[in-house]
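The region 'Disordered' feature in TrEMBL is assigned to 1-25. What TrEMBL records for 1-21 is compositional bias 'Low complexity'. Here TrEMBL flags 48-69, 107-131, 138-159, 171-192, 213-236, 272-295 as transmembrane segment. According to TrEMBL, the domain 'ABC transmembrane type-1' annotation covers 103-295.
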Amino acid sequence: MSRHSNTNANANASTSANASTGGESRRFPIDLERGLPALDGATLRAHAGLLLAVSLMALPLVIAALISFGTRATFTSVSELSLETAAQNYHDVLFRYDMGQYMLNSLLMSVIVVIGKLAVSLLAALAIVYYRFPFKNAVFGVVLLTLMLPVPVRIVPLFQLAADLGWANSFAALTIPYLASATTVFLLRQHFLSIPASLVESAKLDGVGPLRFLAFVLIPMSKGMIAGVSVIMFIYSWNQYLWPLLIVDDQSMQVAQVGIRLLQGVVESGDIAWPLMMAGSIVTLVPPLAVLIIFRKPLLETFGVE
């Protein structure tokens, strides 16, 4: 009797082990001889293509970083690059040529734009989705039509308006023109439309007002979307060049992208100081890259990528 029980126990254990192994193998195809995932030809080609694309995109950054490690006389020779020279280049860029101040201005501008644009866009999306008023769809269509206006068409009227208001050389001129965003309104509207109507009806029955509904229902349910949109807005604001160049004459108020342009005026041995320019370009990449890395998950969720 005990032998029969042991046999059944061993058989059951073997069956469960085989089932477990089979389930894992179905989920994760493993090459048992090598202990590595078994990849077919299509997967290998896809990975090779992605690796090639990443390498091509990273190549300019690598070249810029290498150039920033040298001097005007030595940056063409990799063997003569040094950490001491690189440290001096980055120190000069940040403090001697005021790139640190320009980056601080860009950071302040980007934060103000993100907060202000979110406030305006959330209220606009709330009105478009949950309010009933005449020609609501037509109003939303007009909002979307503003996306078709090229930047040069808007620059001249905005410049005249800012000059008439006395906003030149101020953060008001750098930030207020960016507070209205058709793209952000569109993304938030589409997300609000996906929220169950039962929540809206429950809020109405409980006597919740529009602003409380926005603050305590919509925003908590839209944290991922808001974070992803904020990343897009931050990078967009950080990369602004033309408008700050036109509206700001005071060099201490300039932003990082204009600061890189100002580095072209630094001349060494009768030529542009390319190591300093590359160092300036590298340091201006750090804040948006950090934001992308920290908020990469909500950013991917914004575009429906798992």
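Cβ atoms are placed via backbone N, Cα and C, with glycine included.
Away from its own ends, the transmembrane segment (213-236) comes close to residues 110-111, 113-114, 117-118, 121-123, 126, 130, 181, 183-184, 187-188, 191-192, 195, 199-200, 203, 288, 291-292, 295, 297-303 of its chain (Cβ-Cβ under 8 Å, at least six residues beyond either end).
Same-chain residues lying 6+ beyond the ends of the transmembrane segment (48-69) with a Cβ under 8 Å from its Cβ atoms: 75, 78, 81-83, 85-86, 89-90, 274-276, 278-279, 281-282, 285.
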